[in-house]
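Asker: Starting off with a structure, shown below.
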Amino acid sequence: MDQAPPKTPRPLWRDEATHLLRLALPIMATFILGYLPGVVSLIFVGQIHRPDAKEYLAAASLSDMFFNVTGFSIGLGLASAMDTLASQAFGAGNIKRIGILLQTGSLVLFGVCVPIAVLNLSSTHVLLALDQPTHVAALAGPYSACLVMGLPFLYAYELLKRALQAQNIAWPMLYSTLLANAVNAGVGYLLVYHTSMGYLGAAIGRATAMMSLPLSLLPYFYLTPGACDFWPGLHARAALRGVGEFLAVGTPGMLMMMFEWCSFEILALFAGVLPNAVIAIGANAVTVNVFSIVDWIYYGLNVSATVRVGNAIGGGDVPRARAATTAVLSTAAGLALCFASLLLATRWAIPDLFTNDRDVSTLVASVVVVLVLFQVPQGINQTMQGVLRGYGLQNYGAIINFVAYIGIGLPVAYLLAFIYAYGLQGLWMGMGIGFAFAGASSLLLLRFANIESVIEKKQVQTLEERSRYVIVS
């Protein structure tokens, strides 16, 4: 009887592509669902039937922006250290280190939580110092105070999420964000429209949703066999000893994110001084929402890339790290082409979801064409940031983002918008050129980086960590 021929093993890049998609799809959905509570809260505030409803909406928008820049981006950026360190630890088979990193991350994030909370509680004074309208700033202060109540819970969730993602576990967070959206919608609707809290009810609804995120993960840890295998018990000394490394890895990740987010806030300020500023501000707000939804999907690839590349680097597997990089970049490019086609086909329908103003809709449609042109650079750039974190090269990523967004994107945007009179389209063209520079620079960096040296350094570090952990245990 003839034996069946042995199965040919799948090419490494195809194997990585399969792993990547299994991990990326729930992560993408999680990020989109995580973005929605802020949008829903603003919709609730915008639908309040009062003569001064515009001021409440402006205050909520301003407070959201302040909270995102001072609180969310800092925590999300610092927590990115978990993406790099925990994924490399898992790849090296040192799973207990993930639990130590979780404790170290808690010390770092809860430490910065205190000054961030104080800053948000003082947001009225800060906004007045930034020359924002007095009445709007006064309304934004209490809204920020309500939002910041959920910040410690949000930070706890971000750390737990990354501890699981490093182990290629993503589905529990999807269920958590689904629940958080239901909590946000239910509590927000009830408090805004059926109590005297008014616009503050939306902020309390969002804060309550943040509180539900880490709490909703507890049943997973309690009921799933092996879910807590990474937990080594409390080790205060080991956690404290890791703070320096956590900050060294997390700070560049934070700067990478803040340079990008702050550049878009500055872009909004530029839009406010364009001719027909009211139309430009409205069109820019719609464009930012469209951009953000697409970008959060790319960010799902970003995190997945960090995990898969980090696992390979931790395991000392150079071919797998390169295959993971190829797979994620190919996926990003294909996804970008799909989004470009979709945005081009729906550029006239998109504005109608947000506004009935014809002037704003026309301007949005023209700016969406600019987004279409830069979809591939945007996708490659966002994905490469995750790849660099996986290799542990986020220091270079922070420098690239600073040059791309602050040094090139914003100056070119100003030049095209105001000197060459391209208006809002010019602002987004400038940022698109920044995306292209960042993506190309990251690809060149990876092309000439000595990956073998990175792995050797990581293996030495892993041996040191294991010896430390034996002593601690």
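Please read every residue number as a count from 1 along the shown chain.
Positions of Cβ are set from backbone N, Cα and C atoms, glycine also.
If you look up TrEMBL, you'll see 20-45, 65-86, 98-118, 138-157, 169-192, 198-223, 244-271, 277-298, 327-348, 360-377, 398-421, 427-449 marked as transmembrane segment.
Walk me through the surroundings of each of these features.
Answerer: Panel annotation: around the transmembrane segment (20-45), residues 53, 56-57, 60-61, 64, 68, 161, 165, 168, 170-171, 173-174, 177-178, 180-181, 184-185, 188-189, 192-193, 199, 201-203, 205-206, 209, 289, 292-293, 296-297, 299-301, 303-305, 307-308, 324, 327-328, 331 of the same chain, lying at least six beyond its termini, place a Cβ under 8 Å from a Cβ of the stretch.
Residues of the same chain lying 6 or more positions beyond the ends of the transmembrane segment (138-157) and with a Cβ under 8 Å from any Cβ of it are 55-56, 59-60, 62-64, 66-67, 71-72, 75, 79, 106, 109-110, 113, 116-117, 120-124, 127, 132, 176, 199-200, 202-204, 206-215, 217.
Tertiary neighbourhood of the transmembrane segment (198-223): same-chain residues 37-38, 41-42, 44-45, 48, 56, 59-60, 63, 139, 142-144, 146-151, 153-154, 156-157, 160, 172-173, 175-177, 179-181, 183-192, selected by CB-CB distance under 8 Å and a gap of 6+ residues from either end.
Residues 28, 31-32, 34-35, 39, 264, 267-268, 271, 332, 335-336, 339, 343, 350-351, 354-355, 357, 359-360, 363-364, 367-368, 371, 375, 378-379, 382-383, 423-424, 427-428 of the same chain sit 6 or more residues outside the transmembrane segment (277-298) yet have a Cβ under 8 Å from a Cβ within it.
Nonlocal intrachain contacts for the transmembrane segment (327-348), taken as residues 6+ away from its ends with a CB within less than 8 angstroms of a stretch CB, comprise 13-14, 16-17, 20-21, 24, 290, 294, 297-298, 301, 304-305, 308-309, 361, 364-365, 368-369, 371-373, 375-376, 378-380, 382-384, 386-387.
If you look at the transmembrane segment (398-421), the same-chain residues 6 or more away from its ends with a CB under 8 A from one of its CBs are 252-253, 255-256, 259-260, 262-263, 266-267, 270, 274, 381, 385, 427-431, 433-435, 437-438, 441-442, 445.
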Asker: Can we call the transmembrane segment (427-449) and the transmembrane segment (244-271) in contact, meaning three or more C-beta pairs below 8 angstroms at a sequence separation of 6+?
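Answerer: They are in contact.
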Asker: Need a quick answer: max count of Cβ pairs under 8 Å to the transmembrane segment (65-86), which of 98-118, 169-192, 244-271, 360-377 is it?
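Answerer: Stretch with maximum Cβ contacts: 244-271.
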Asker: Given a Cβ distance threshold of under 8 angstroms, which distant residues of the chain, six or more beyond its ends, lie next to the transmembrane segment (169-192)?
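Answerer: Apart from its flanks, the transmembrane segment (169-192) reaches 23, 26-27, 29-30, 33-34, 36-37, 40-41, 44-45, 48, 157, 161, 198-202, 204-206, 208-210, 212-213, 216-217, 220.
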